[in-house]
């Protein structure tokens with residue numbers, strides 16, 4: 001009996017996609033209620049952190065990286081009127097307050113310093129020593145404050161039976177019990193900057209046909225954010241801009257988003273399953289953006305099977321080379337800190353699929 005091919009099983013694969021979407025939507029709804037409850041209490045205890053609102057539609061603060069792994073950004077409050085730093089300076093401090101003989105390493109790629117003076121308006125609490133060292137708002141100290149608030153909020157909100165802290169991380173992770181199963185959330189304080197585009201994101205380069213100039217201006221108008229993900233440097237994030245780019249992909253009637261959903265389904269079922277996969281939905285989304293730029297014509301996205309295999313080949317190349325450029329900050333490699341052995345295992349599975357592109361029926 002002939003094995004089903006990509007073309008033969010398009011409907012079958014997309015049926016699984018619909019099933020996944022319903023399941024994830026249910027999990028997101030539960031997660032939203034928990035996050036809203038926790039952050040409302042946190043905001044009540046510390047004015048610097050905002051409540052994450054509950055939304056019946058898309059929630060820009062919740063990013064599904066995998067069905068059991070979520071990134072939740074917690075907007076901070078009291079920092080307005082952002083501007084790029086005017087001058088560079090050396091930093092000799094440590095988180096413990098001691099002095100170094102050599103300066104701290106400068107930020108690379110997706111990272112930057114953040115000085116309180118870069119904001120035209122700031123609450124006095126951002127000048128306090130619990131988050132500020134020598135004028136810098138230090139992400140590790142922000143996370144330290146935030147972690148205690150999360151721990152207290154779990155108890156105050158009587159969520160101890162549903163939410164638990166995961167203590168083996170420097171970042172703030174919690175496990176949430178849902179009707180479908182346990183999911184893990186990384187809760188990350190975020191400085192949202194909707195009024196500017198990062199100087200590090202030199203996008204788009206010249207002579208690109210995709211996206212259009214009008215679309216570029218629209219996307220840049222959503223600004224960026226800075227996430228408290230490391231000790232001294234803030235990490236640039238473009239989640240909202242990326243979402244806008246995604247939502248407007250198929251206005252020409254193409255199958256780009258359908259291909260992305262199918263790619264994600266195969267990744268989760270076959271190529272890279274697990275609770276904390278080395279390849280996430282964000283990586284797949286970035287692969288799609290690069291492929292759209294290389295193949296900007298509508299006719300390149302009319303036939304699902306061809307477009308899907310084109311994406312798989314691009315993913316295989318990136319995973320094999322351990323190199324995937326961030327779409328907006330092109331000097332940054334999104335796979336730089338990924339486990340090499342895990343990447344090689346995914347590359348092998350992708351190579352097998354490309355050698356004989358078949359999908360086992362569910």
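Numbers here mean position along the shown chain, with the first residue as 1.
Cβ from N, Cα, C; glycine included.
Nobody curates TrEMBL annotations by hand; they come from automatic prediction.
TrEMBL has this to say about the protein:
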type	residues	note
DOMAIN	58-248	domain 'Mab-21-like nucleotidyltransferase'
DOMAIN	255-350	domain 'Mab-21-like HhH/H2TH-like'
Helix, strand and coil residues within the domain 'Mab-21-like HhH/H2TH-like' (255-350) as assigned by DSSP: 63 helix, 2 strand, 31 coil
For the domain 'Mab-21-like HhH/H2TH-like' (255-350), what's the model's average pLDDT? 96
